[in-house]
Every structure is written in C-alpha cells, then in structure tokens.
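Structure record follows, encoded as structure tokens.
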C-alpha cells in the first residue's frame, strides 16, 4: 500500500471555494477587453459567446478558472480580445448575477441584454411564444 505524501484527497480540493461567498470589487472592462454573454458551452474549456460589440467569438476559459468557476449558458463574462485572432477570445472573469445587474444599471451593458436567465427564455411582450399547450375537442380525442 503506497504512502500518502500529499496534503489530502479530493474532499480537500472540493472545499476550496469558500471565499467566493464574500463580496468582491466590481471589475470594469479595460482596453483590449469586452463584455460577453455565453451562448453555449463547447467542452474542452471552451465556450461560444456573443460580445457586446456584436461579434460571436470562440472563448477559451483560462486555466485559473478551469474546473473552479463554473460557466453556463446565459452568464455574463469578461473576455480578453486577441490582437492576432478577432474570432477568438479568452475568458478573464465570470460576473455573479448581482454584479451583472450592477453593470447593466451603470450602463456598461445594453438594456436589451438578458441577465443570467439562460438562452431559451420566453419574451414578456409575446406571451404565446412558449405556448406548447394544445387543446383538443372531445371528438378529436375519440378519433385518435
């Protein structure tokens, strides 16, 4: 039986995100950075995101965030743009839901941005957009 020379197993690694609950300072974009909303996760530490400037980019999740910060479709992220590849970017930061609402309130995000609700969301203006309920008459049921 081999000796355990490390400092603990996977349970120790699981308990490392205890510092995420406390408030952190809101980070704004700088030059060479852009806000984006995740469209879908692709696997292998990559995701597809629509940037606020209108471009759709393939984003790579940096190693510091990989398997520590979980990113899902609809999340607001801060991406670093590449000088040599315009269609690719690197995920620098994931904004928590309250931080994303603050960014929208400060005018950093456009008003039409939907915050952390996922991509498949029913419009409030069009109540019949997600109406999959079909009503049958009694004679229709008898024919089936």
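Including glycine, each Cβ sits where the backbone N, Cα and C put it.
Remember, predicted model here, so these are calculated numbers, not experimental data.
The feature region 'Disordered' is assigned by TrEMBL to 1-25. The compositional bias 'Basic residues' feature in TrEMBL is assigned to 1-15. The compositional bias 'Basic and acidic residues' annotation in TrEMBL covers 16-25. Per TrEMBL, domain 'S1-like' is recorded for 22-96.
Averaged across the domain 'S1-like' (22-96), the predicted model reaches a pLDDT of 91. Taking DSSP states H, G and I as helix and E and B as strand, the domain 'S1-like' (22-96) has 0 helix, 36 strand, 39 coil.
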